[in-house]
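According to TrEMBL, the Na(+) binding site annotation covers GLY76, VAL79, ASN83, ASN341, LEU470, SER474. Summarising the annotation, TrEMBL assigns compositional bias 'Acidic residues' to 40-57. The compositional bias 'Polar residues' annotation in TrEMBL covers 696-706. The transmembrane segment annotation in TrEMBL covers 70-88, 100-121, 142-169, 226-247, 259-282, 302-323, 335-356, 458-483, 495-513, 533-550, 571-594, 614-639.
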Amino acid sequence: MPKNSKVVKRELDDEVIESVKDLLSNEDSSDDAFKKSELMVDDQEEKDVDVEEGSDVEDERPAWNSKLQYILAQVGFSVGLGNVWRFPYLCQKNGGGAYLVPYLILLLIIGIPLFFLELAVGQRIRRGSIGVWNYISPKLGGIGFASCVVCFFVALYYNVIIGWSLFYFSQSFQHPLPWDQCPLVKNTSHTFVEPECEKSSATTYYWYREALNISSSLSESGGLNWKMTICLLAAWVMVCLAMIKGIQSSGKIMYFSSLFPYVVLLCFLIRGLLLNGSVDGIRHMFTPKLEIMLEPKVWREAATQVFFALGLGFGGVIAFSSYNKRDNNCHFDAVLVSFINFFTSVLATLVVFAVLGFKANIINEKCVIQNSEKILKLLKIGNLSQDMIPHHINFSSITAEDYNLVYDIIQKVKEEEFDSLGLKSCQIEDELNKAVQGTGLAFIAFTEAMTHFPASPFWSVMFFLMLVNLGLGSMFGTIEGIITPIVDTFKVRKEILTVICCLVAFFIGLIFVQRSGNYFVTMFDDYSATLPLLIVVILENIAVTRIYGIDKFMEDLKDMLGFSPSQYYYYMWKYVSPLVLLCLLVASIVQMGLSPPGYNAWIEDTATEEFHSYPTWGMIVCISLMVLAILPVPIVFMVRRCNLIDDSSGSLASVSYKRGRIIKEPVNLEGDNTSLIHGKSPSEVPSPNFGKNIYRKQTGSPTLDTAPNGRYGIGYLMADMPDMPESDL
């Protein structure tokens, strides 16, 4: 009688189990690696992760806690010190309110499209700048390294400015403020005002002599300024502690560092509008001078400001967006952050010119009083006739309007000998026309205005705390542009790399806290970033639109966002933006060639700035900064073009990308199927026939750039997988 089929099946199963036990009992200990090995075949749906669905299994990559945290990080990176002390200066210099027109046009032409491009590639590929451009085209992998070098150069001197702000912040907790009055010098016979301070002003003297203790030339080092050295150390410790856990630590700080400056700006705006003369400053700022718009330099400076305001080319934008989910609407983010940046600049400009209008009003009142006293003396000695003065004029309480009336009468009557009288016109417009930017605006002009505020220490504390937060927000993005690409590429621990990076940067940064350090800050600011970043962004645009393919890129965006981006971006990326960037690059080179390379040195005897040309070694440093920043691009191109390094023999696993998953390649793979099993060479493991490979070695030559669309996993092609459609990004 035949056995029941279930009984037969159970007996067969028992036999199989016994056979497996026999096999395992006969295995030696050397096969532990085989038992633990991972079989990388196509049907491992559970282990291969779908990165597009937001899984963070890939390298356990961290992610933003919320969309708000991410937006604040991008805003904090893009909104920096330049919004406060460069944008208002450019408005003042280039036509007031009329300057906003070219700025907005260029924001739409190059700002938003290029910002959107960097956000998109970072979010799609989920790597830092090095990984992104290796992925697009291995030959252009040097773009990412160049971004890291520029970020490092900028971080070196940018943190020094944070150190200066920390010093002023620490000195603001006293009344009166230490830069309120010129110091007195005592000798054996009498007390007198410090001559250097008397020739300039109290705030100018404090900045150059007390804070910087500046030397008279670049070549005169003068040793370390210990006060600024401590402040620089404190700045780097703050950055290191905030960045040591990556976005997991810096992301939380962003809630304060990104939002606090807006609170301070609004407080300053309200306070400034209540001050005498503030309306004059704002009116001066927004009075358009339309004829200036026709000058090419206005458009060049507007394009440069748009370019640097959004942090294009630094790698920080790409690094931050790489922690997003693949389906995040990065187009919305690009538009939102760009316009937040613009309106922040306008808000800062309102605040600056309200305060500068107040300051100009105070200076103008002093001018009226001093020149009225001169007129009274001239009347007493008979150089001027009393008949010239209108009867209603009272010199003891003269207004600016009355003084200007008297001034015009004297100028007409005493036309020939007017210059010898030494009278000044005392116009508020003359003060407002004095263009001040950068450190001169923050540490001299603004500090002087705050000395006249009621409760001036409070406003000084708020202002410099705002500068510290603005600087830190930008520093987080800059350091992230260094750390993230290196961690992604070389798989080092982020904590160790962050500490090493900050330590190295601090010790190199000691050149900026010498007595001549301010001149080195100027040098790095002028030469380490402008041209290299322009070249980097031009190459980014070319890599995406020409080498990778603009049509493929648009399809990838549609797949990622769920909708097709406007054709506006297609034409901007393909035609307009590259053309505008090339024109900006040529204009910058021409401008650099026409402007004599040099710096403004502070001369103690005259208490004025004097232009000095760079010495020979200084010129070498300037040229070296530009060359070193862009050098990785040709080096990586030649290395991969000439196959000078065989990546397939490296010790680090590379990463190959397919749409929806990331599969790590084992090192030293061979062409046969046995290489699919980790931990065994072809001679050590049996050769089961799996049917098809995931990877196959290139035939012919091991050329580095033959991976489709410049993928990671250089030296290998991904075999066709009909069940897994490939996305080009």
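Note that the numbers count up from 1, one per residue, in the order the chain is shown.
Each residue, glycine too, has its Cβ placed from N, Cα and C.
Please treat TrEMBL annotations as automatic predictions, because they have not gone through curation.
With pairs at least 6 apart in sequence, the transmembrane segment (226-247) and the transmembrane segment (495-513) have 3 or more Cβ pairs within the 8 Å limit; the two touch. Cβ neighbour count for SER474 (Na(+) binding site) (all protein chains, 10 Å cutoff from its Cβ): 28. Tertiary neighbourhood of the transmembrane segment (70-88): same-chain residues 64, 161, 247, 250-251, 254-255, 257-259, 261, 285, 305, 308-311, 316-317, 320-321, 323-324, 333, 336-337, 340-341, 344-345, 348-349, 352-353, 437-439, 441-442, 467, 470-474, 476-478, selected by CB-CB distance under 8 Å and a gap of 6+ residues from either end.
Other Cβ atoms within 10 Å of the Cβ of VAL79 (Na(+) binding site) number 27 in total over all chains. Those same-chain residues not listed among GLY76, VAL79, ASN83, ASN341, LEU470, SER474 yet with C-beta within 8 angstroms of the centroid of the Na(+) site C-beta atoms are VAL75, PHE77, SER78, GLY80, LEU81, GLY82, SER258, PRO261, THR344, GLY473.
Listed in sequence order, MET254, SER257, SER258, LEU472, GLY473, SER474, PHE476, GLY477 are the same-chain residues six or more apart from GLY76 (Na(+) binding site) with CB atoms under 8 A from its CB. Within 10 Å of the C-beta of LEU470 (Na(+) binding site) there are 29 other C-beta atoms, taking all protein chains into account. Same-chain residues lying 6 or more positions outside the transmembrane segment (100-121) and placing a CB less than 8 Å from one of its CB atoms are 91, 132, 136, 293, 298-299, 302-303, 305-307, 309-310, 312, 317-318, 321, 330-331, 333-335, 337-338, 342, 346, 537, 540-541, 544, 553, 556-557, 560, 565, 569, 572-573, 576-577, 580-581, 729. Cβ contacts within 10 Å of ASN341 (Na(+) binding site), excluding its own Cβ and spanning all protein chains shown: 25. Neighbours of ASN83 (Na(+) binding site), defined as other CB atoms within 10 A of its CB across all chains, total 24.
With Cβ pairs under 8 Å as the measure, the transmembrane segment (458-483) is packed most heavily against 142-169, out of 142-169, 302-323, 335-356, 533-550, 571-594.
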